[in-house]
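Beneath this line is the structure, given in structure tokens, with notes to follow.
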Amino acid sequence: MNQRVFKILEYDKIRNQVVSFCNTLYGSEWVHTMEPFEQYEWAVHAQDVTEEAAIFYRLKGDPPFAVTSDMRPAVMRAKLGSVLSSIDLVAIAQTARGARHMRKLIESVALQAEIPYFVEMSEMLSLEKILEDEIFFCIDEDGLVQDRASAELREIRQDMKTVQMRMKRALDELVRSPGLQKYLQDQIITMRGDRYCLAVRTDSQHAIRGVVHDVSASGSTLFIEPERVAQMSNELKRLETAESREIERILTQLSAHVTEHEEKLQHAMKAIGELDFALAKARFAHAVHAVKPQLTSEPRLHIRKGRHPLLDPKRAVPLSVQVGQPFSALVITGPNTGGKTVTLKTIGLFVIMALSGLFLPADEGTEIGFFSEVFADIGDEQSIEQNLSTFSSHMTNIVHILERADDRSLVLFDELGAGTDPTEGAALAMAILDDLHRRAIRVVATTHYSELKAYAYTTDSTSNASMEFDVDTLSPTYRLLLGIPGRSNAFAIARRLGLSSAILDVASDKLSTQDVRVEHLIGKLQMSVKIAQDEEEKWKAVHREAMDLKQDLLEKQEEEEMLAESRRKKADAELRTRIVRMQREAETILAELRELRSKGIEQLKDHELTAARKRLESLVPNETLRAVAKVKKQKEVAVGDEVRVLTLAGQKATVIAVTAGSDELTVAVGAMKMKARKEHVELVRKAKYIDKPVPTISRAVIDVKPSLDLRGTNVEEAIREIDQYLDRAILAGYHQVSLIHGKGTGALRKGLQSYLRHHPRISHVRLGTQGEGDSGVTVVELG
């Protein structure tokens, strides 16, 4: 689109507003190049990026950018072998730190929302911390090279302090010396250039041996550097030169390190610029209460309560208008200063903003079609240099527009056909609209000509509209009324202003009966439409209130369900933890008993077995035993049956003896024999033959891997596998595991992360880093 349209529609002012929300020079550069995209897909992508930025801004606020100047020239100088200043190096380190912090924030937000563009940009922010650390180790935030930068620099500066102290002592001794005080003009030590001097009376120059560095304006005072101090000053000068050389060496070394990271720094600065640009659009949208418009590939628009972003939002009257469906041309009539021109500018500006990726200050549901070009003839552009009248100037623009417009263009005419004879002007206006209509070009035109009202009624795909005027207050309301032509209101205004009834009656007689009827019908139509619009607004307000109430109820219900689920998971986690602890303790006891068996003790004494069994039973909470006792009666068990011993945290065992007339059994748990009550065992499998089972927990633990591959599953299947896997991983002693879900569309990752954030067994969730699988892997910490 051409720059002339940007100027007419004040798009440059919008860009300047967005620039004010930028935090970096890089971001403001992107804003200055912001224009409507030439491809529909690009415009859609730009809107999606702004939406991601709005999500980021809502969750994290302003980004941690600390780039106050353009670092690109400094990085390029370093690449060419120049030595950078300490200020440049600090700025580069701050840029690296801001980029690293921004990457972490993006990773954090990516766990809560889909922000693929920001995640892609974050890959360009992967700067190693080593460069930042090296610079800040040597240079502080103010750009001062620190003593610790090198051992030699520290030694030089210590020597400088020593010399300075000796100089101060020597000067103090001279100033306080009784024999010299009478020769001094003032008992002070002063600096002349970079030399320490005494203020000596001119007539006493012979009293102090040294070098005269200055004379007072009156000539009565000489500023003399004492000879003994001059030698120390020379030593200090030598040390300062050595300090400068050492600092230069340190800066040279750091500049070389910048060169090593030059490519990544360039990528980071580019990414910072793009992210800052996107976030500036989001902050602008927040400031003007804008929403994401719905883009469509068709050349049409439907603005719902749009507010011009340059007008005071408290005073601006919302604009609701549609063009392109069901009609392609809109003819707006109404009084001067009634808002017709603002309406035109708002329509054109909204199209340009939306296709540039900006949100619009309007209501949800605002739809903007893809227009390849916006043409506008708005305002008085008569040219003295070209000797063009107002009419000639407008006609020149119109000819230009007609030559270039096509069926994907939006054309805006302000006072079409004005500036010449009304009859000829109206005829020209209708002919121009006919030409645009024949070529299926969308057009919005304002006019004063009543002939165009009739034209809009009789022409297909053309509609009337008008700016409302309040006759009682004699002022426009700035409301656009679709489907209704404007009234002149001349008689009503004249009557309100005091014109005599006799004159008004004569004027009415001069009007044709048809004109009077038309004005009367238009007035009734305007009143009916106003009543209908007011009723619609009331209904919408009631509907919004009902929807808000419904949303509140749904949110409360969801909160209660989440709280109940959280409590259930917490209780489940506590139970699982206790079971794991009991299993581990049980295995410890069994291991002790196996060790005794291995030493050749064929049959343990009853009291030893009883003591071991009591230790095992003590691991099971009383409420568990009570719950076991309430279980309905199990099938009778027999020798050889495989059972689960509930008092051993579900450890499997084999029945080797059943005591007749008693509720006791003898079972073998591995190599250990022990007694158990029938109500404390659960039948697993009837015996076909007697075997010697071994504990299964250890084998399961051995088979656990530190990662789980979930690719190819849906969310529900993956959650079931994760629950089983986490139990085994905890038994195996893992503190961190990886869940491989792949990148794909991101649906599986999003679903899993939403579930994992509320999982009671998980303390932290993050995406994989480079080398871990990036966004195709979610890493969880167990605890």
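Yeah, the Cβs are placed from backbone N, Cα and C, and that goes for glycine too.
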Quiz item: Looking at the ranges 540-599, 720-779, which is given as coiled coil in TrEMBL?
Solution: 540-599
Quiz prompt | Correct range for coiled coil (source TrEMBL, candidates 146-173, 202-229, 510-537) | solution = 146-173
Quiz item: Using a Cβ-Cβ cut-off under 8 angstroms and a sequence gap of six or more, which residues of the chain neighbour Gly334 (ATP binding site)?
Solution: Lys340, Thr446, Ser466, Met467, Glu468, Phe469, Pro476, Gly486
Quiz item: In the same chain, who gets a Cβ under 8 Å from the coiled coil (146-173) while lying at least 6 residues past its ends?
Solution: 137-140, 189, 196, 198, 226, 228-229, 232-233, 235-236, 239-240, 242-243, 246-247, 249-250
Quiz item: Residues with Cβ closer than 8 Å to the Cβ of Thr341 (ATP binding site), same chain and 6+ apart in sequence?
Solution: Ile378, Gly379, Asp414, Thr446
Exercise. Taking helix as H, G and I and strand as E and B in DSSP, count the residues of the domain 'Smr' (708-783) in helix, strand and coil.
Key: 30 helix, 19 strand, 27 coil
Quiz item: Between the binding-site residues Gly339, Lys340, whose Cβ has more other Cβ atoms within 10 Å than any of the rest?
Solution: Lys340
